[in-house]
Amino acid sequence: MAHAAQVGLQDATSPIMEELIIFHDHALMIIFLICFLVLYALFLTLTTKLTNTSISDAQEMETVWTILPAIILVLIALPSLRILYMTDEVNDPSFTIKSIGHQWYWTYEYTDYGGLIFNSYMLPPLFLEPGDLRLLDVDNRLVLPVEAPVRMMITSQDVLHSWAVPTLGLKTDAIPGRLNQTTFTATRPGVYYGQCSEICGANHSFMPIVLELIPLKIFEMGPVFTL
């Protein structure tokens, strides 16, 4: 999860997030190289005493600054497209969970367990226990297993929402009248937090998402729900 004064990304808890962190570092390295090259060229331009007013064209230079950006764009686009296709893959999920966005809470349905449905509201400050996180903890957590592919079916009952859990690399829009899906495989047990990531009204900031990921063997003994 996130820490106080954290600058970087959260630790990855899924293969997709691991790929996103690698791609982030890859793109950041390219950006640093471009910035260094531009600043170096600017420094040379400002400090040089040489002048040349007889040059009317520079085909070699124009060729370089046309081909080089194209190569850089390809180096960014290829891994980006690879991750994009990975996020769209749905490979025989073990569990299917339906998530419905409301103003301003989430409803979850375990479709594989008799259609168990419950609502998940943010805990008001008066109900927080020692160790709970303000504006992030909920009354009913979504309990899921690790090391098992999970499919999330996401929609909305009223306005646009977005179901997002950064540590899993997930962000899927919840659109009224449309059912979007995403899959993930968690690699570590723990409690992970997210929030609605689409401005959805006055209390947009108060509809957190909490996932409690437990070992698959414990989950298979019987669903453990914090109701």
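Heads up, the Cβ atoms here are built off N, Cα and C, so glycines get one too.
Over in Swiss-Prot, the protein carries these features:
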type	residues	note
BINDING	H161, C196, C200, M207	Cu cation A1 binding site
BINDING	C196, E198, C200, H204	Cu cation A2 binding site
BINDING	E198	Mg(2+) binding site
TOPO_DOM	1-14	topological domain 'Mitochondrial intermembrane'
TOPO_DOM	46-59	topological domain 'Mitochondrial matrix'
TOPO_DOM	88-227	topological domain 'Mitochondrial intermembrane'
TRANSMEM	15-45	transmembrane segment
TRANSMEM	60-87	transmembrane segment
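On the structure: features taken from Swiss-Prot.
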{"residue": "H161", "record": "Cu cation A1 binding site", "Cβ within 10 Å": "30"}
{"residue": "C196", "record": "Cu cation A1 binding site", "Cβ within 10 Å": "25"}
{"residue": "E198", "record": "Cu cation A2 binding site", "Cβ within 10 Å": "17"}
{"residue": "C200", "record": "Cu cation A1 binding site", "Cβ within 10 Å": "21"}
{"residue": "H204", "record": "Cu cation A2 binding site", "Cβ within 10 Å": "16"}
{"residue": "M207", "record": "Cu cation A1 binding site", "Cβ within 10 Å": "23"}
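Same-chain residues that are not part of C196, E198, C200, H204 yet have a Cβ within 8 Å of the Cβ center of the Cu cation A2 site turn out to be G101, W104, V159, L160, H161, S162, S197, I199, G201, M207. DSSP classifies H204 (Cu cation A2 binding site) as helix under the three-state reduction. When secondary structure is read from DSSP and collapsed to three states, C196 (Cu cation A1 binding site) falls in the strand class. Within 8 Å of the centroid of the Cβ atoms of H161, C196, C200, M207, where the record puts Cu cation A1, the same chain has further Cβ atoms from G101, Q103, W104, W106, S162, A174, Q195, S197, E198, G201, H204.
Recorded residues H161 (Cu cation A1 binding site) and E198 (Cu cation A2 binding site) have their alpha carbons 5 Å apart, per Cα-Cα distance.
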